[in-house]
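Novice: This is the structure I want to talk about, given as structure tokens.
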There are 2 protein chains.
Amino acid sequence: MTTPAEQAILDAHYMARALELARKGHYTTHPNPRVGCVIVQGGQIVGEGWHERAGEPHAEVHALRAAGEFARGATAYVTLEPCSHHGRTPPCADALVNAGVARVVAAMQDPNPEVAGRGLQRLAQAGIATESGVLEGEARKLNQGFLKRMEHGLPFVRVKLAMSLDGRTAMESGESQWITGPAARSAVQRLRAQASVVLTGADTVLADNARLTVRADELGLDTEQTALAMSRPPLRVLVDGRLRVPLDAPFFKAGPALVATCVAVEEQYANGPECLIVPGYDGQVDLRQLLVELAARGVNEVLVEAGPRLAGAFAQLGLVDEFQIFIAGKFLGSSARPLLDWPLAQMKDAPELKIIEIRAVGDDWRVIAIPLPAASV
Amino acid sequence: MTTPAEQAILDAHYMARALELARKGHYTTHPNPRVGCVIVQGGQIVGEGWHERAGEPHAEVHALRAAGEFARGATAYVTLEPCSHHGRTPPCADALVNAGVARVVAAMQDPNPEVAGRGLQRLAQAGIATESGVLEGEARKLNQGFLKRMEHGLPFVRVKLAMSLDGRTAMESGESQWITGPAARSAVQRLRAQASVVLTGADTVLADNARLTVRADELGLDTEQTALAMSRPPLRVLVDGRLRVPLDAPFFKAGPALVATCVAVEEQYANGPECLIVPGYDGQVDLRQLLVELAARGVNEVLVEAGPRLAGAFAQLGLVDEFQIFIAGKFLGSSARPLLDWPLAQMKDAPELKIIEIRAVGDDWRVIAIPLPAASV
């Protein structure tokens, strides 16, 4: 007989495994959340599962199938509350009830308004013991984008920047290739692959011939993860208020893309990529409105890879959830281009950030920084 | 009977202790090197010593005194080759011979031309077994300044900078106080305390009323180390080519200082601080020449705490051995002042640095970066 304290240790142990499984869906579950499930019977894991992609079975269904008859009387560990609604697949809460599990432990409630506690409720009504909040912090971190969209109607916005040690992104002339080394570029490839959307601006596409694609050989992942990543490329979004980028730009030739613009419909590309008309002013797309539109399309995570102007605009509007800044061991000098176009007059206006991690990436370093609330609009 | 491999392990073990002792002289030995000594007899440490300050006994003498008769037939571990010359104290090599030690292990040869192998030679001639090169890398790191001066006739130059995450040091207006937090300021106090010279420019002294003193209560050291640090304050050097700083500046009121200037003698401060006339051009002190002069005065380590102009000049001339950059979790924006005044046109001219460490210091982070050879003049 285990004590409650011992049970809590075991619960955390099995949930950690469920989280590990959930992470296998890192590159593919959009617009769904990443979810893992472990079924435990008599101290043995009898079934494991993770959600791979929208429209396909949820983690619980995979795990129940693997467990078969051993699911009866077992405990199911799920990184997100089992769903209670009919989406593209039937409710997982029903599947757990039908399989006869005795107890369900969730890392967190599902903030999806179609679930929001009703999954656990349904289980409880069927006489199943339920619990929520085991390793919740890690579970939330796994689905920052999905949670942001469910809770705020906006995607999680990650801004990637590459700078020299003196905070510069390019020479005055615009010359900017290869500031950082191969390991940093590989890390950026993985950031792209995990995003729902990779977003850039006309300046970057025009000046650097940027394509912002995911390249299998640069991901630095094993064969299985590479195949998963390549099976669901992120949507590439170009912010181009005035439609300055010509249709023969490498960006458009590299695959499907969405153009966010303020230009009225009749002036749009004739046989070109899909355009999303967003309100704007002075030819500048209203970025908050664009994010709202993207969230409405199921976009969980946006990776912004843009120049100082567009990245600066996101920052100034308080729309950034996380900066990932790759720092190269170089000085580009005082005439080089700034990290963000964001003039500030007084120290009291300087936005504060919490640097949560600095780590070596090859010869470069990666800083992860989170804007503090005062910096938001 | 120990094997040679086992003896090497034991040698490294005792040398590590000698290095630990040497570090106690971190704040006080200038212009001498930091040295520690351990005397081992029959598997026991029978004497320990470290050099505290110039004119006082060397590490070996302290350790031999502590060992007394147990020194006979013992092994002495020293972090630097024992001296062979009569300086302010008699040669340590003689003291070791007289004490009858059987073996002397040095971490490294003394590059001082007055020693340079002659200490070990003298011991060998007296029939003492000698060895050099145990934990040499760590021993060199301990005395970077002394070694630079002995080997190149220049002090080790460390440039301290404090910047925002976007590489800015102050607002356009000059407003710059408190970019970093108390832990970073405390780290800077320790950098000052360990330096032979803290060097700044007229801009900094005029704009910020900087004093660049060491303050006991901000060092964050224990009582013993604080007392040591305060007993040997670094010399404060002001680079002021045109003597723009008035005598009533807080900098001068805060204690003795040396002014490096290009202004001819008759125009100097009448009853003011000592002036060092250095060649220059256009009212700018020749910084390399200044460093040569400082080295000739026994200066091992220079800490540059200056604005973007003077720090940038040191960097451009390839005179910097190490940058310590404190990064605050803030954006100061694109109109704020640059890290270094150093305009560069092309990426190929961008100096490369090796970032050797990034570590959290309170809420801020410290980057230690070493210019790579191509960046030197």
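Including glycine, each Cβ sits where the backbone N, Cα and C put it.
TrEMBL annotations: computationally assigned, not manually curated.
Values in this document were obtained by computation on a predicted structure and should not be read as measured data.
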Novice: Of A:ARG190, A:ARG192, A:ARG297, which does TrEMBL put in the substrate site with A:SER176, A:LEU212, A:ARG215, A:GLU305?
Specialist: A:ARG192
Novice: Among A:TRP50, A:TRP178, which residue shares the NADP(+) site with A:ALA162, A:THR204, A:ASP208, A:GLY307, A:PRO308, A:ARG309, A:LEU310, A:ALA311, A:GLY312, A:ALA313 according to TrEMBL?
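Specialist: It is A:TRP178, as the record lists it for that site.
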Novice: If you run the three-state DSSP split on A:ALA311 (NADP(+) binding site), which class comes out?
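Specialist: Where A:ALA311 (NADP(+) binding site) sits, the three-state DSSP reduction gives helix.
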Novice: Count, for each of the binding-site residues A:SER176, A:THR204, the other C-beta atoms lying within 10 angstroms of its own C-beta, and report the residue with the smallest count.
Specialist: A:SER176
Novice: Under a criterion of Cβ-Cβ distance under 8 Å and sequence separation of at least 6, what residues of the same chain contact A:GLU60 (active site, proton donor)?
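Specialist: For A:GLU60 (active site, proton donor), the qualifying residues are A:VAL35, A:CYS37, A:GLY49, A:ALA76, A:VAL78, A:PRO82, A:CYS92, A:ALA95, A:LEU96.
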Novice: If you skip the near sequence neighbours and keep only those at least six away, which residues in the chain come within under 8 angstroms of A:GLY307 (NADP(+) binding site), Cβ to Cβ?
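Specialist: Sequence-distant Cβ neighbours: A:THR169, A:GLY201, A:ASP203, A:THR204, A:ALA207, A:ARG337.
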Novice: Which of the binding-site residues A:ALA162, A:ARG192, A:ARG215 has its Cα nearest to the Cα of A:CYS83 (Zn(2+) binding site)?
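Specialist: Out of the listed candidates, the nearest Cα belongs to A:ARG192.
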Novice: Return the single residue from the binding-site residues list (A:CYS83, A:ALA162) that has the minimum number of other CB atoms within 10 Å.
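Specialist: Checked A:CYS83, A:ALA162; of these binding-site residues, fewest Cβ neighbours within 10 Å: A:ALA162.
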Novice: Determine which residues of this chain, when A:HIS58, A:CYS83, A:CYS92 are set aside, have a Cβ within 8 Å of the centroid of the Zn(2+) site's Cβ atoms, and list them as they appear in the sequence.
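Specialist: Leaving out the recorded residues gives A:VAL35, A:ALA59, A:GLU60, A:VAL61, A:PRO82, A:THR89, A:PRO91, A:ALA93, A:ALA95, A:GLY119.
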Novice: To the nearest whole angstrom, state the Cα distance for the pair A:ARG309 (NADP(+) binding site) and A:LEU212 (substrate binding site).
Specialist: 18
